[in-house]
Amino acid sequence: MKRKLFALLGAGTLAVSLAACGDDSGGGGGTEGGSGESWILGTTDTVTAMDPAGSYDLGSSTLDYSVYQTLVTVPAGSNDIVGDAAEECTYDDPQTLTCTLKEGLKFSNGNELTSSDVKYSFERSIAIQDPNGAAIYLLGSITDTDKKGVVTLNEGAIETPDDTTVIFHLDQPDTTFQYVLTYPGAGAIVDEETFPAEEKLADEEVVGSGPYKLSQYKAGEQAVLELNEEYTGDKTGGAAQIFIQYFSEASALKLAVENGEVDVAWRSLSPTDITDLEGNDELTVATGEGAEIRYWVWRADSGVGKDVAVRQAAAQVFDREAIAQNAYDGTVDPLYSIVPPGYAGQKDSFQETYGDPDPAAAEQILKDAGVKTPVPLTVGWTPTHYGPNAEDEANEVERQLEESGLFDVTLKSAEWEQYQTVYKEGAYDLWMLGWFPDYPDADTYLSPFMVDGGFFQNGYSNPEANELVDAEQGTSDQAEREEAIGQLQDLAATDVPFIPSWVGKNIAIYGEGMEGIEDTLDPSFIFRFWMVTKNG
Amino acid sequence: MTRSGSGSLPRYILQRVLLVIPMIWVILTLVFVVLRVAPGDPVSAAMGGKLNDEALDQRREALGFNEPLLAQYWDYLSSVARFDFGTTFSDNQQVLHVVRDNGGATLSLTIVSFLIALLIGIPLGMIAGRYRDSVPDAFIRLFGILTYAAPIFFVGFLLQAYVAGPLGLPTSGMASPITVFSVEPKTHILLIDVFLSGDGAAIEDVLKHLILPSITLGLLICGVFIRLVRVNILQTMHADYVEAAEARGISRGKVTRRHAFRNALVPVITVVGLQFALLLGGAVLTESTFNWPGLGEKLVDYINDRDYGAVQGIITIFAIAVVLISLLVDIVNALIDPRVRY
């Protein structure tokens, strides 16, 4: 017994001794072929699938943007789309998009990338119809859905007259289709000799033609990217080896970046943690424009929200600055349109229509409409899905509406699973939701919200909104598009089917020696690994 | 009673083995029912804020979630019987691979934590029992109560905040990324694979990562051992044979060392197995606190994603592990103490 105890004690002592000596062995260390040292990104995002046919989430697309090429892509700090695998994609007319591939493209396994691979990629994404995939949702202009919900590619929708030309024939005028092609979940190009036609490829086996190849993938633990030597495009200059570590708790990620266990923490620390880290001299908190929004939806076809005056009055007292400061410590920006700043055609319609928060003006709106005050209002929110600060926002909204003296608010919450059901059933007059863009165009904030009650089914319907959406999607004239997009935002401010609340910032926290982080923090939320280096 | 009666060891073992089947069936059924009764499903959890009802329904249909419950239940049981745990919905992994890859991390953590609990708990329990009602006894009892009662995430946070920095210990993961990348997964248990690799720096890295999580989890159950060993020491010290030895002039210290300590540890063995379930429960919280890539942490993620297949698979394997260990403990008990067979 004694011997055993001594042996165990010895093992424990060895472990502690080893801990006390030796330096901190992070992921650093020089590697050949890239710029600077290898480095580690920490994130709480999760990856649904490395096969683009099975993902529709930011965690997956963050890796996809580096591993795969799409026909077109979004450069940092811009909403203009440029060629990626394609030299260019141009509309012959609003229903025909022609893309010309660059010469000499290869996948990381050495196989050539031709127009046949492009066609195959779209065909298989649609054929697989993965429930987690984006293709069947975003590629509506080249697909048809039958009564049973089966989605099929339209006959002749993709034409490949030669090895470098791909022509998309859309079933309706749709100039947003080019933006959809930038999103890997819908438009990543895969190797037809590697990816099976009717099922997803295992995560660790995926092959792409992007600037990096996936050298290791351990679900929920880490991914390792290494330079793709076959890549000949413009996305160069990054480290030879990059580690992505996955964290399930934001608190663990915060500790890791504080202790230097990760070089960069990107998505998603709480506002409190970010504020705390801003005081750390060894770390830099970098902030770029964001695209994630929160908004409050009205039940527009029943209850008190059926009266547009009630909706307008609430919009008139809504104080977004107070929400951003009191609920989020200033880590978000007030949002005055459902389309956040930075997108072509964006305008602060709610600001233009209502100006500063003004309870007296709100009272007048209600008085003119003959609405008796205080208006009883059931306001809904959900505690976990949108993070811990959702409760603070709900309380702040309640305070603002109550203090105006015009509303008598009853705050109700439900867990996300239940919440989604009950808000559609009319449990709330006004409820909180969030949105993340699918592609870098204002349309991604308009068509899902304004047409026939939106995806959230709030009962709002205005033929003018439907016509404007058709108009902006159906024209390739940019000025015409922006005009329609502006009118849609104005209509939203007048009809108030929802009240925009705030837009998040794209925030990364990094340690010493990291460069290029700020350059990639833009509303597209593409983390461009090839632009980031670690030196010293 | 005859030899073939209920006191027979083979018969007892057979009875216990046969009981395993209904126990596992009950657990499987409970898991299935609870997951279906709880609101939500994987589709709405992942896509509820993005798609309309029609699109959500199409996806549920594609995944078979709209099948009758009995049909789903039968599919589930028959798959488990074939050791087919399917594929996770939320991250596209084979459930068996999840168990293989993450189970090793949990196993490493629980075993090392267990050793730490024994290393701390047994000596302290012995000291407390030997010096009953003394100052050390009071401190050790207080320590035992505190470690058992303190929430794991709180203990973990204290260690991360006040111990990790001064000692240069990592606060997350089971190894640095370069180690995870470079060590060949021969057994899928990193702690073993890293020793097989013979890479000194990698071994040091893995051991350093193991220290804080295993102490956190080990402290949870060392309180149980402290109290158990102390009580048994006290009881043994009053046993007739101890008094007889003392009456023969053997010193109290010698009697304690040679007789009381050894006998006091026998009941501890029977409790050891039962602590394994507690350890697995504690591992869930420890893994979350230290970003330890074990099954517990995966389970929490899958529950949040309402990933039926993954949750069912992992809980089933947890349950089978606990049931089998209980069986083993019962058999060892029956071997040590024949009274339990009756």
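Yeah, the Cβs are placed from backbone N, Cα and C, and that goes for glycine too.
Because the structure is a prediction, the values reported are computed rather than measured.
The domain 'ABC transmembrane type-1' annotation in TrEMBL covers B:103-333.
Annotation comment: TrEMBL describes B:12-35 (among others) as transmembrane segment. Same-chain residues lying 6+ beyond the ends of the transmembrane segment (B:12-35) with a Cβ under 8 Å from its Cβ atoms: 6, 72-73, 76-77, 80, 306, 308, 311-312, 315-316, 319-320, 323-324, 327, 330-331, 334, 341.
Remote same-chain partners of the transmembrane segment (B:105-127), defined as residues 6 or more beyond its termini with a Cβ less than 8 Å from a stretch Cβ, comprise 136-137, 140, 143-144, 174, 189-191, 210, 213-230, 233, 261, 264-265, 268, 275-276, 279-280, 282-283, 286-287, 292-296. Positions annotated as transmembrane segment by TrEMBL: B:105-127 (among others).
Residues or ranges marked as transmembrane segment in TrEMBL: B:139-163 (among others). If you look at the transmembrane segment (B:139-163), the same-chain residues 6 or more away from its ends with a CB under 8 A from one of its CBs are 121, 124-125, 127-128, 169, 171, 212-213, 215-217, 219-224, 226-227, 230, 282, 285-286, 288-290.
Feature annotation from TrEMBL assigns transmembrane segment to B:210-229 (among others). With a threshold of 8 Å between CB atoms, the same-chain residues lying at least 6 positions outside the transmembrane segment (B:210-229) that come near it are 108-110, 112-118, 120-122, 124-126, 128-129, 140-141, 143-150, 152, 155-156, 159-160, 163-164, 169-171, 174, 191, 264-265, 267-268, 271, 275, 278-279, 282-283, 286-287, 289-290, 292.
Per TrEMBL, transmembrane segment is recorded for B:264-285 (among others). Outside the transmembrane segment (B:264-285) by six or more residues, the chain places 106, 109-110, 113-114, 117, 122, 126, 129, 151-153, 156, 217, 220-221, 224-225, 228-229, 232-233, 235-236, 294-297, 299-300, 318, 321-322, 325-326, 328-329, 332-333, 336-337 with a CB less than 8 A from a CB of the stretch.
Non-local neighbours of the transmembrane segment (B:314-336) in the same chain are 9, 12-13, 16-17, 20, 23-24, 27-28, 31, 80, 85, 95, 98-99, 103, 266, 269-270, 272-274, 276-277, 280, 295, 298-299, 302; each lies 6+ residues outside the stretch with a CB under 8 Å from one of its CB atoms. The transmembrane segment annotation in TrEMBL covers B:314-336 (among others).
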